[in-house]
Every structure is written in structure tokens, then in C-alpha cells.
Amino acid sequence: MAEREVESGPRKRFEQKSGAVFDEIVENCGGIMDTEMSEDIDHNLTPTLDSMSYGMPNQTGSENSLLDEDDYFLNSGDLAGIPVVGSDNEDEQDFSSKDNLVSSIHTDDSLEVERRVTQHESDNENEIQIQNKLKKDFPKQFDQVSVFKSIRKDFSLVRENSKETFSGKEKNRDLTYEREKRLDKPHKDLDSRLKSSFFDKAANQVEETLHTHLPQTPETNFRDSSYPFANKESIGSELGNSFASNIRIKEEPLDDEYDKAMAPQQGLLDKIKDEPDNAQEYSHGQQQKTQEGELKISAVFSVSGSPLAPQLTTGFQPSLASSGMNKMLPSVPATAVRVSCSGCKKILQKGQTAYQRKGSTQLFCSTLCLTGYTVPPARPPPPLTKKTCSSCSKDILNPKDVISAQFENTTTSKDFCSQSCLSTYELKKKPIVTINTNSISTKCSMCQKNAVIRHEVNYQNVVHKLCSDACFSKFRSANNLTMNCCENCGGYCYSGSGQCHMLQIEGQSKKFCSSSCITAYKQKSAKITPCALCKSLRSSAEMIENTNSLGKTELFCSVNCLSAYRVKMVTSAGVQVQCNSCKTSAIPQYHLAMSDGSIRNFCSYSCVVAFQNLFNKPTGMNSSVVPLSQGQVIVSIPTGSTVSAGGGSTSAVSPTSISSSAAAGLQRLAAQSQHVGFARSVVKLKCQHCNRLFATKPELLDYKGKMFQFCGKNCSDEYKKINNVMAMCEYCKIEKIVKETVRFSGADKSFCSEGCKLLYKHDLAKRWGNHCKMCSYCLQTSPKLVQNNLGGKVEEFCCEECMSKYTVLFYQMAKCDACKRQGKLSESLKWRGEMKHFCNLLCILMFCNQQSVCDPPSQNNAANISMVQAASAGPPSLRKDSTPVIANVVSLASAPAAQPTVNSNSVLQGAVPTVTAKIIGDASTQTDALKLPPSQPPRLLKNKALLCKPITQTKATSCKPHTQNKECQTEDTPSQPQIIVVPVPVPVFVPIPLHLYTQYAPVPFGIPVPMPVPMLIPSSMDSEDKVTESIEDIKEKLPTHPFEADLLEMAEMIAEDEEKKTLSQGESQTSEHELFLDTKIFEKDQGSTYSGDLESEAVSTPHSWEEELNHYALKSNAVQEADSELKQFSKGETEQDLEADFPSDSFDPLNKGQGIQARSRTRRRHRDGFPQPRRRGRKKSIVAVEPRSLIQGAFQGCSVSGMTLKYMYGVNAWKNWVQWKNAKEEQGDLKCGGVEQASSSPRSDPLGSTQDHALSQESSEPGCRVRSIKLKEDILSCTFAELSLGLCQFIQEVRRPNGEKYDPDSILYLCLGIQQYLFENGRIDNIFTEPYSRFMIELTKLLKIWEPTILPNGYMFSRIEEEHLWECKQLGAYSPIVLLNTLLFFNTKYFQLKNVTEHLKLSFAHVMRRTRTLKYSTKMTYLRFFPPLQKQESEPDKLTVGKRKRNEDDEVPVGVEMAENTDNPLRCPVRLYEFYLSKCSESVKQRNDVFYLQPERSCVPNSPMWYSTFPIDPGTLDTMLTRILMVREVHEELAKAKSEDSDVELSD
């Protein structure tokens, strides 16, 4: 006894410790696992002991306490009851101690009983101390454990075995106590004894099933019955890795009496009610019941019996490893199963009969609860929680984008946001393991890892081995391979295994790996897709799928279209099909579409009647046939029929009389859908002119209240001509055949031609202004429009109503006028003044067909409709209980003899048959009969008075004799001069007999006869050399164009006439240039004639080209007196060296009195050279033209007007150069027509200047004889050829008196002086024009190298001034080329255009004349230049002014203005530009690509047109611009613009 008490002490302590330990563990683990189960759908419980350590402090302090019996940890059987589930993926386990969670999981009932017994035997103080100690130390000691990851079954097994061991130990010691314990609770002990291996399995299944299928039961067991048991080792080997390798567990001997006590008792077993063991026994009597919806009791069985398990755990049976293991498994106490009635919520006792509804998991205690129970409403779905991508850790907002994947070594699935994240995660998780198979390692071609190869791709004759689907997807993406990939998930579709599914959508065949991907793709994309049969547009998510014989899935809008499609396929195939009535294989003659989309085929009409009789039977006799009340539709397809407008026939579907209103509406909708679908495929319209059928958009004509349809515009026009469709033309006011009718401001306007319509619109634009535009909805023209921004585009409407309608149409909320379907309407039609909108062309055809049919209403149709309504409106009592039957069946093939032909003919002919219904009891029969239209009523005749009056007509006969004229004169009056006959010797061939080659025959022989040739020989020429020289001069002087030659010839004649006049007639007269400069004369003439008009300006300008020529022709002051000429040269002898008299160092514009008017700042110039606007609100400036005061000349030899150009410098330089040239000619150094080098040493001329050797050339034309010429010192006496050749040599050989070369600006100054001298002395030659082209080329080459000189005082120096060009008539309106030169000068100076490219960008559209009102009501006229918009890229020929680069968005090109010159109108740029416009053609004044035009070669001064429509040659423009860039004022303006740009940059 003492020993037993000693042993019982440790056992008590062990039970106290183990009870406290596992109470705490179960509560902590249960709370966490309850939370995890609520989050995990698969109920995968997660371990909670990862963060706990298993080392416990020893109570006694001994090192070998683990081997002692007192160690409660190793010997505790309750340790195996810890509900821990091992996870294969250790990365997901992140747990901590959760003491604050309230556990909602109840432990097993056996654990509660054991704990209750332990508490009675233990001391309260020891229990409180042990529990406090364990609560303090237990969480800390289980921090480092990592091997407690076995499945719950493992711990249950250890727990039950240990309990059995301890039960055997206390068998011999406390037998009396155990017997009393069993007597206190007989039901528990009895249930334990009844447990066998079969009952153990059933009890576990019941427990698991209740946990899975009965969520309302409060008890929950966490044992996974589906876990496959294996052969487990002992507790020491199972937990040995967790503690130590040398742990030994104390083994106790088993007691055989305990097993005998636990054996079942036979007496108690006989008292238990036997229940059926399987579902076949209790459901055997239920198979005969066929009425759907009838209450069925699926099972009746005991609550605690074994048959409950197979009913609740179908497909959820555990697999046992061996039969011996069942003996080792302990029995589960029956008290763990507590089932309550779903109706009254009472607890079902053991052995009580329970009832279960078929297909439901709920149990009921009686049939009363079973019949009175109503299904509770479904719980609202839990709020969607945001899922996180396992790869990139981003929240997946859209649940449709979630990709769940389950890996090989885990039972849980992971979520990913995209396929790329899934592939990345797989690569990260894929271990780098070398797999050696027969010492051969295979490497993946994508990830370069040694792994098992799953795919091999032969690409470009190279086999690529891939280890996974992710690598296979990457390989396809990298090489742009369009292989069999699923459109939804991107996976590979193995077409060889039959897993590849095809979907026909949007005209393309898309591949899918499974039917679920097809459904997901339809739901995800939800595209508007046309039906495969009727082509109506529906969302793909709402359409019905059907897979045809080729394996392609097609989409249909309704079951009706699907049925019709199947009928069409069966009909077109022509194969033999089994009849649904007689089961005979034959070609089907009749088809019936059922409500479920299936097709019933019949071989004859008798089979149809037999099949129809099946539906006349009472309900319940045959449940395999779907009743027609669910909405059958009889499909009739008229083969070869065509729906035509204008009296054509339409195919109709006979309506089916049905019992309920809902079914009637369904059938009516189905019949209408079928009718629309088939009519669309065959509908055609009939042209009113050519009577042809067409299926295109019709051409409509609204005439006399009717709409006429035509197949095209030609038929419409021909119909108008034939039927005289005439109306008053709105423009020409003549009644003609209507060509087009357009709506203006709500009224229809008719026009006879396209030209009248355009002219009328042009007149409206003038009256209404620029707002004469068209409404975007009704297409009518209105003066007032309402604007609205739709889709980023501004639309204009005539009224608010049109704007609202267009808005509804734009947002696809409008309905089609034909099919009444809402959506995108892409077609429109104007029908009787209203705009109709349609889905597509088919809807237009349907609408026009319906309108044409509905226009002439038929009495026959009206009668039929009324009869149908009367027949359907029968007694409601009879129609309520009747069963609908098949109304009509139509054959698709030829009608057999047994078929009634009345119905089929009525349908094929398009007539609407009358419907008569005969109702007999529960069955009804409906027949269709064709009723002929009633005969027309007799015509009413009335008396009518007739008044007949003959039409008389008077006929008159007029006789008139026919007269003829005949000449009978006797005297011959010669009307033409007599022809003098001149004998001309003509050789005549006289034929003679041929003597067969034996005699000589005459042969024609030509004799030259001299003929007189007229030649023009000048009488003043005495020698041959002079004649040849004159001829060559004439050839060189005369231009190639005949009109220009006539003009020059006239000018020479005028000059010769002036030279012949005597000196007495050369009195002092006011020269032309004095008139040009005389301010009083100008004010007298110009001020009174200027009116601003272009034509009056051209006439009133006193110095036009025409007046210039007339003035030279009339005046006679060309020849001056000899003494005055000598005096002039004597006075001009001082003007010898230009550069010496005007050195650049002494230049000062202020001292010269050149009062330059202050000019407002111009716009800064952009990169492209055009002026650009300033920012910060600076006011626009106007370029003012600076008038110059006319300075009186201080030098002698100039005109009396005091011009600043001293032309005597040029004259003297020419004279000195000619003297040097003639001196060399006398020495034989110069020859005409050859090129010869002079002496290498410089020579001194008689004036003391040394001239260098130069090249001399006269003419390069062939036939020119080499001869020597002598230039004249008097430039006025030089001919055109001499002047042209001399100027070419002059600019190259002229030197200063000291022998130095002239600067380029000085040479141009001398040439301008020569030009001015020629004009002053009556010569109209302009040496800067095309006849002197050789001289112009050489001069341009010389001036190109010149750059302006910057003086130390900051001024720019150039000897060429603006005034010089005005004086020598290079600026003005004297000729077309001079006027172009003037415009070029103004644009260069004031618009800062410095190269040819910038000038070529000018156009008439960019230069406009404007007027502005100034102070004191004065008006100012100016020219505004709008620079064109420039592109981003820079061109090489653009000159950038300014250092700062601005963005194009910051600057908008603004026009630069140039004001008129009111001080001197002859130099006004505005007036000159207007005169230029007056001489241009009207066709070029609005062009935006040309400004400088080519002068006409044949024009005269009084010609209305000076310029052609072609732009001037860029080479000519470059020659003119080179001379303009020599002007000092031009460079000053450019420098000012550049300095202003710098100031703007500094201010910014």
C-alpha cells in the first residue's frame, strides 16, 4: 500500500501537470486556429508552436530528470492532443504568442471527462501553483521548436496510446474506483465498449462530416480524417529529434483485464435499433416517384449509428495503411457528436430517428419539422479582402486579375497579379540542384539551370530544352512565337491531345486551353459581338456558346438563333439522321426546335403527329419530354425566298397559341427574333426605276408625300427626268428638274445643279458671314449654331434639340429605328425630313422594307389579324388549363404526299394564315387555314351629264414664189491684179521607146542655175570689216525675245532722233529728274490725284515706266553744248579718287546732317529669321519709314537738285580706264575674241596711274572673227555691246590713281554713278538688268566677299546709301524689275530678311494692308507681315538672331507692321505694294507660296499685267539681294534689331 501510495503521488502530479499544460495549449492553439480557419478557405490549419521552445526547467534540478517517471512532459499522453498541422511551406509560418485571443474551439468530450476526474483527485493549491508556473514558463520554453510540425493525427495517436498505457497501470491499483466511475456514467462506458474497428472509423467520419457540413453545431473537431495514416514509431522515436538523441521512455506492462472490460456486452447490443447501413436500402422505394418538386425523405437512420457516415462523407473516406493499425486506434467517445434538429433546434438523442431531405445535409427530428422548414436566406458574402501578390507584394484591386497557383511541395495556393510575377516567383523558388542522370546534366535554355526538361522546342533547326511552363512562356515571348497559346491564361494549348478549344469571335478564331477559359474570357472581355446567325450585336458575356463539328465555339444571341443554326446545319449537311419518333435513319423532312435549344428531327409528317401526341397526355405520365409550355418555337426556313420591297412577299412564322401569358410573350419574342434573323440574311429592296433587287444603301426621293427608293444616283436622276420631278431652282429661279434638295434654316431648297447649290451657299456666306455652317445632326445649314464639345471635338448644331439628340447618339444611348436595340449606331438616313439612325446596313434595309410594306395597307392582313385576335381571345377558363400544342410544322425539303399542302404553301407564299383553335378537355388542337380575301364590293354607278363641243381650227395657205439670182453682165471688171507669168525652167522627161537595153536612153541631169538672193547692205558701210562688225553688234545687242527686241529698237530710234536735233532747240528745260525731285510739282500733281485706288495710283504716279519712255522721246536736251561739256569735265577733274575723298575714318553721320528719325523697336527675330513677339505685354511697334531730307549737293558736276550720289567719280574712272586700255591697244596687247596676257611689268598710263594686266574678251560665239576694238572715252557714245563688254573688264581692271584696288563698295558706287550719268544724259539703259547679265555675274562675284566695316566710334561704314539707289532709279516703279528690287529692299530693311530662303517664304497671304486710327482722328495705313508657323527642326540656311533659345510654346508668331511714308508718297512702301498688286494677276493674290513674280518679257509700260504667275528665279533674286546688302542703312537696321534682342534677353 505504501508503494502504491508513493506511485500514486507522482501520477497525481503528472495528471495535474498534464491537464494544466494541455488546457493552456488547447486554448491558445484553438484561438489562433479559429482565426486561421476563418481566413483560409481550404481549412488548412497553421501551426502555432514555431516560436515556442520545448525545454522545460527541471523541478528537482536533476540532470536525468527527463528519464524519470516524474517528468510530466515526456510521459504526458495529453501532449499528443495538441492540434498542430504541419505546413510544407515554412515561409508562411509567422506566429507569436497570442494570449488575448478567445478560443471558440471546444476540446473533445473525453478530454473534458479526464480533466474533470483529475481535478477531483488533485489538490487545489497544487493545481493553482502548477498552472501559474506553466503559464509563466511555457511560452518562453517553446520559442525554438521546429520539429513540432507533424499532423494532428500523429499527436492523437500518441495521446491515445499513452492514455491506454496509464489506464493499464491503474487497472490493478484503482479497480474499485474505475468500476464506480463506469457505474456513474453508464452511457459513456457503454459507448466505449461498443466501439470496434468499424465503429471507430464510422465515428471519426461522423465527427469530420459534422465539422464540414454542419456549421451550426457548436462542437468542432480539428482532426483531419482524410490524412493517410502510416506506420508510426514509438513516442520516443517520434519526439526524439525534438529533445535529445539518448532519451529513453519508460515502458509499462499492459494489463489484459482492461481490454476485457472494454469489450462490448451482448445484452446491450441487442437493445439498439437496427438502421440501414447504406443509401441503397433506404432509397430503394424512392425511385418510382417522378413528380418533380415532391417532398422526398432521403434517409431515416439513427443519430449515433454508422449509416450516418456514408451519407455525410461521400468521397471523404480515410485510407488506412493497414488493418492492424485499426486495432491500435482508440475509440472516440460518442459524446463528441451532438446533432440538433434544423427545424426545432432540439438535440437529437442516440437512437432517435432523423429525417433528411434529398440533396440537403440538414437533419430533422420529425416529418413535421421537415415539411415546415424553410431554407434560410443566404448569408451575405463576406467583404472582399484585398489580396497581395506573392511576388511584388502589391495589392490586387481587381479580383479578376488574381492568378492562383499551387506549387508542388505545398497544400496552399499563392496569389499573383500577373503571369510575369508568377514566372518570377517560380524562378526564385526553383532550387539550383544538379540532377545527374547517368552522369548527364540537362540545362534549361532560358534559366540556365539544371532541371528536369518539360518542353522541347525545335526553333530554327535548334532544339531548345525548357524546364517549366514559365520558361516556355518566356521563350515564346522572346522569339515572338505565336504558338498555341490560350487567350485567357496564356498557357500552352496541346492541340495534339484534343485540349485546344476554339472560339469564333470578331471574325477571328481564338484558342483556349479549356472551356472554363472560354467562359472567363467572355466575362472578362465583354465585347460587342455579332450573333453567328442573325448578326445582331450583343455582349459576349450574354451570348450562348455552341461548338460545331469542326471544334470551333460560336456565339449566339438567343436559344432561338441556336436552334435555327442547328436546323440549318442539319439541312445543309444532307446526311441521314435518326428520327426522334420512329428511330429510323433517314434524311430529315421536318425539324422542331425545343425550348432547351435542342433540335428534334422527323422523317415524315406522321412522326410529327405521333411526337405531338406525346404532349397531349396528362402531366406526370411522361416526365422525360419537356413540355411545350416552356416555350417551344417552330422554326420554318423558307428556302430560296426573298423579301422584297414594294409589293413583295415576306416569310412569316405562324404564331403558336399557348396557355399562359408569360409563355405567349416568350414565344412571340422568339418568333419575332427568328423572323428578324432570317429576314436580314435575305432582305433586298426593289429599285423604283430599274426594278432590280439590291442590298445596298438606297437613294431616297421624297416626292408627293411618298418615299421612292433607288439602287443608285443614276436611277434616281433618270426617274426624275422620266416623271418630270420639277421644282423652282432656288438660285437661278427657273423651274427645272430637281437635282438635289438641301435644307436651309428649316426650309428645303431645291437646286437644278451642283453649281447653283454652291453659288447659293456662297451668297449665304456673304449674307450670314463665316458662321454659315452645317448642323452635325440634321445636316441643315443655319446662320446661328450652338456649339458643344463632345469627345474633344467641337460640334455645332442648329438648335438645342439637335444637340441633345446628337449627345444621346454620341454616348450610344440611342435606339436603332429598325431593331430598337440600344448601342452604337453607325448608319443614318433622312426619311421624310427626319434623321433615322441604324446599327448597320441590315437595319437600314429592314427599315426601308418595313416602310414600303406598311405604306399600302392590305385589307387581307387586317382581316387576318382580327381573326387571330378573335381566336386567341377565347374563354379564359378554357385557355387557362389547356396545354399548348405545335401550331405548324414546315418541311425544309420537298413536301411528301402525306403532308397537308395548305399550311406549307401558305407559309412559303408569305400569306398570314388564319388560326382556329379547338379545345377539348386538357388537350387542344390548332389548325391553320388559308382564307381567301373577300371579293370587292360592286362599283357604284351614277349618272353624269356630258357636254360635247367640237374643236374648230382655221387653216390658212400661204404661197410664196422661189426666186433665184443669175449673173448676166457683159463687161469683165478685173477684181484682182493680173498674174505675170515668169518662165521657170523645169526639166521634163519625155518617154521614148525602149530598145531592150540595146540603145542609149536619155538620163535626167540637173544644171545649176543662178538665182537672185536679196541682201541688206548698209549704204554707210564702205568696207567689209565694218559690215561684219555691224552684223555682230546687231546679233549681240538684239535679245532673243522678239517683243523685247522691238522695245529696244524703239528706244534706240528715240535716242537717234534726239541726237539729230540742233543745239538751238536744247534750251534749258526742267529735266525729268528735276521733275521727280521737285517737291512743289509733286504736291501739285500727286496730292490731287491720289485716292488710294490701285488703278488710279498707277495712272497718277508721274514717273511710271511709260511716262519715262515718253518723256525721253519728247525732250531734246540729250546733246549738250561742247563748251558746257568741257566745262563739266573740267569741274569734275577734282573727283578722281573716291576713297581718298571719302575715307572711312572720317565718317560721322551726325556731322553730315543726316537726321535719322527715331524708329520704334521692332520685334526680336527668331531662329528662322522672322520677327517674333515680345513677352511681358510689350506693345506692338510699327516700323516707320524714315524720310530723308534732300541735301543740296556741294560739288560741281552734280545735278542742280543736289543729289548725294556724285556720279562724276564713276565717269572719270571710266575715262581713265579707257585711256589706259587704248594705250595698250596701240601696242597690240589687246585683241578681240582672244585671251592674251599682257606684259608682266606694270605700266604707267598717261594720267600717272599704273594698271595691272587683265583679261579681255569680246564674244564667244562661233564665227566671230578675231579683231581689235577701241573703247570710247565718252561713255554716252558707246554702243550696247561696247558698254556690256567694257563694264565686265572695267570692274576687274579699274584702279585708284595711286594704283591700289578699289573696295567692293567703291566699285558699286562707281557703277551707280555710271548708271546715273546715263540716265541724266538721255540713255535708258539699265546696266543692272538681264541684258547685262555677263556684267551682273561678275559684279555679284565681286560684291559677295564684302563685309561692312565697324568704325572705332561704333558706326558701320559703307559708301552705298539708300539715297543713291533712289537717285539712280534703282528704287521706284520705273520698270517691273525695279519695282521688284524696291519691294526686296523694303522687306530686307524692315523685316530683317537677309537671305534668299527667307525671302522665298514670303507670300501674298502673309502681307496685308491695314488701317489704324491715331490721335486726333487721323488714320494711318500700314503693312502687316504674318510670319508662317515654323517647324521644330532647324534648317541650315536659316539664320538665328539672338543668343537665347525659347520654346515654341512660349512664343506665337505675331505680325510685324510697317507704316506708310506720308512725307514722300513716291517712296511709300504701302503705295508701292499696292501698285505691285495692280500689275499682278488676280489668281496669285491669295497664294501663300509666292511673293516675287517673274516679269513678263513682252509687256509694255501701259500693259495691265507686268508679271507672270511664276515665281522669280532664285539666282536673279540673289543678285538683287547682294546689291541691297551693300546699303549702309540696311546694316544699321539689322544691327538695331540685334541690339534690341540683347536688351530683351537682359531684361528677361
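For all residues, glycine too, the Cβ spot is worked out from N, Cα and C.
Candidates Lys201, Lys757, Lys820, Lys942 were compared with Swiss-Prot; the annotation SUMO2 cross-link appears at Lys201.
As annotated in Swiss-Prot, SUMO2 cross-link applies, among Lys133, Lys260, Lys346, to Lys260. Looking up the ranges 795-829, 1355-1389 in Swiss-Prot, the one annotated as zinc finger turns out to be 795-829. Of the listed residues (Lys296, Lys522, Lys713, Lys1080), Swiss-Prot tags Lys1080 with SUMO2 cross-link; the rest carry no such note in the record, though that does not show they lack it.
When Lys98, Lys273, Lys1026, Lys1179 are compared in Swiss-Prot, the SUMO2 cross-link annotation sits on Lys273.
Taking Thr107, Thr442, Thr547 one by one, Swiss-Prot attaches phosphothreonine to Thr107. Looking up Ser197, Ser323, Ser495, Ser514 in Swiss-Prot, the residue bearing an annotation of phosphoserine is Ser197.
Between the zinc finger (708-742) and the stretches 554-592, 749-788, 795-829, it is 749-788 that has the most C-beta pairs under 8 angstroms. Of all the modified residues listed here (Ser1030, Ser1539), it is Ser1539 whose C-beta has the fewest other C-beta atoms within 10 angstroms. Long-range contacts of the zinc finger (749-788) within its own chain (CB-CB distance under 8 A, at least 6 residues past either end) are made by residues 727-732, 734, 736-743, 794-800, 802-803, 805-807, 809, 830, 835.
Under 8 Å, Cβ to Cβ, and six or more positions away along its own chain, Lys428 (SUMO2 cross-link) finds Ser391. The zinc finger (510-544): residue composition by secondary structure is 14 helix, 10 strand, 11 coil, according to DSSP. For the zinc finger (554-592), residue counts in helix, strand and coil come to 15 helix, 10 strand, 14 coil, using DSSP. The average pLDDT for the zinc finger (414-457) in the predicted structure is 73. Each residue contributes its Cα atom, and for Ser1030 (phosphoserine) and Ser1539 (phosphoserine) these two points are 58 Å apart. Broken down by DSSP into helix, strand and coil, the zinc finger (708-742) contains 10 helix, 12 strand, 13 coil.
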